[in-house]
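Asker: Dumping the structure here so I can ask a few things about it.
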Amino acid sequence: MRLSWVIGGAQGTGIDTAANIFGNAVASAGYYIYGNREYYSNIKGGHSYFSLTISDKRVRSNTQKIDILVSFDAETVFQHFYDVKDILIYNKAVETTKIDAVQSMEPELAERIKDFLTKQGYETTVKGALEYASKNNVTLIPVNYDEIAKKVADEMKVPLSVTERVKNIVGITISYKLLGLDVNYLIEAINSTFKQDLYRKMNELAVKDSYDIVESRYNLKPSSKERRRFWLDGNTAVAIGKIYGGVRFQSYYPITPASDESVYIEAHQDVLMEDPITGDKKKGTIVVVQAEDELAAINMAIGAALTGVRAATATSGPGFSLMVEGLGWAGMNEVPVVITYYIRGGPSTGLPTRTAQSDLIFPIFAGHGEFPKIVLASGDHAEAFKDAIWALNLAEKYQTPVIHLVEKTLANSYSTIPYEELELDKLKAERGKIVESGDISYKRFKFTEDGISPRAFLGKATMYYTGDEHNEEGHISEDVVNRTMMYEKRMKKLEVADKEIPEESRVKIYGDLNSRNLIITWGSPTGVLRDILEESNFDFTLLQIRMFSPFPKNLVSKLMEGRDKIITVEGNYLAQTSLLVKMYTGKDVTNSILKWNGRPFLRDELEEALIKVIKDGEKRVVLNGGIYTSME
């Protein structure tokens, strides 16, 4: 069973909260869920929607087509009616609204929809869109949201303005009744979200007053399997990973989609802190600093790392661009700092609230000069949690910056994660070569066989840090022999990491290893491809790259042997993964499936693309799934 549910309305009206309540309630009934939220880069007024896929099996992707659409305004109907295939719940009050009256809709999109409705012989109104949907066998459910909100206000004896947002509860209640699940799961989800008795009572009344509007359509039954699962998004997964992994300093400058991670850490600051020397634990607080800009954020994190605490920062494309100078300083001074890089659409401000995979080559080679950095890329929420810990361990073990890549899709999507996938029993801190103190002979940058020097913390020994080239003590030096040796010392750490980190841990492989087709991907497209691999008849080996620096060149090269087609699937124009594969292995990728319109890969569009590539032999397929790009 697989069911697609979408809720949409004006930004700032509680769409995200309503979707999370609904998702929580469905997950509590034992179902797996994958959800993604899309929103405009303004605070209020633009169209916001949340897509959920519900399944009795593990699910990792959404589709273009929608089984149930819950809409509260005219724009949601216009934006999504074409993709609804079963049920459309709409606000009866907006039936006569003309598309030209929807001021928040982008004019290009409005023109496409008007043109489509006109050619199909319908009015360019909500009514016309609904008639088109009805003709295509969609069941329409009109709802008088204002009437129910007024009824609740009268029962609670509060102003109507207070009950305005119960309309969202009405929409998800009708949806829940259509699924046929026990309403008590929904009540529990509401009460776990709202803590004030007024709002709990108000929303419970909204459930009671709207539950009987429809009859059950899908008759889902609660799962009998008792399993511990988490329901969380990517930002939260990374934040929890950092907390669990022992981060003690987090700096940031607000930027979408990175800020939510730091906000979560700030709200959960009280932790047990472990002394890096003695191992003793005591209660403490994570320091979270909202800096004045990204330059300050990276330099604060570097300073904190020098004192011996696990330190990190989080940012996105424009912010990372500002951090590059600080990143180079950290590379020169072998500072174990972690940067969580949330990738969004660029260049410049670009698409602040939309996804991309265009920042892949950039972080690997960011900074002038050459210095080692480790670059990780998470593919799902469990990996995001574990990689946050892995990044902290790698940074301290190899005394080098670590960049953790998380796309906006992963950051702002939600999923149910089985408890065992987090592998908590396997997670531990690795702090590398730490010395308690140093005497007058201590050399912070001492030449060693593996390039990694014993690390003392500020205040524990005499040491010098500078952006200039330096000798073993840290004093500035332009001596040619020292320059060669110190340069090699730094770069050797990446070579050592390449030898010590098993290549098998830097990739994941799914499917039949003997398939004639190899798909190489990274990040969130992995989940879409895994769903296709498990539930469709496509024949391919799926290779997910989890670490780009050091690159797992030997394993990737071996997996490329004897294939008819080697295909990259990624969210950028240049097929950057194929460029890296060529650079590190000397072998060519034969085909690419690409997308850069700011929206995530959707399962149905990717299945169509695979047919074009695997069966028809197309070399390059560009996807454009989103709103009304599939209109004929």
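Including glycine, each Cβ sits where the backbone N, Cα and C put it.
Residues or ranges marked as substrate binding site in Swiss-Prot: Thr256, Arg344. Feature annotation from Swiss-Prot assigns motif 'YPITP motif' to 253-257; the stated evidence is experimental evidence. For Thr353, the entry in Swiss-Prot reads site 'Plays a key role in the broad substrate specificity', with the evidence type experimental evidence.
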Asker: If we skip the immediate neighbours and take only residues 6+ beyond the ends of the motif 'YPITP motif' (253-257), which ones have a Cβ under 8 Å from one of its Cβ atoms?
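Answerer: Non-local partners: 41, 235, 290-294, 296-297, 315-316, 318-319, 342, 344, 352-353, 408, 411-412.
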Asker: Summarise the motif 'YPITP motif' (253-257) by DSSP state, stating how many residues are helix, strand and coil.
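Answerer: Across the motif 'YPITP motif' (253-257), DSSP assigns the residues as follows: 0 helix, 0 strand, 5 coil.
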Asker: With H, G and I counted as helix, E and B as strand and the rest as coil, say where DSSP puts Arg344 (substrate binding site).
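Answerer: For Arg344 (substrate binding site) - judged by DSSP and reduced to three states - the answer is strand.
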Asker: So if I measure Cβ to Cβ from Thr353 (site 'Plays a key role in the broad substrate specificity') and keep only same-chain residues at least 6 apart in sequence, which ones fall under 8 Å?
Answerer: Glu38, Tyr39, Tyr40, Ser41, Thr256, Pro257, Arg344, Lys408
Asker: Specify the count of other C-beta atoms within 10 Å of the C-beta of Thr256 (substrate binding site).
Answerer: 18
Asker: Averaged over the whole of the motif 'YPITP motif' (253-257), what is the pLDDT?
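Answerer: In the predicted model, the motif 'YPITP motif' (253-257) has a mean pLDDT of 98.
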Asker: For a quick check of packing: other C-beta atoms within 10 Å of the C-beta of Arg344 (substrate binding site), how many?
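Answerer: Taking every protein chain into account, the count is 27.
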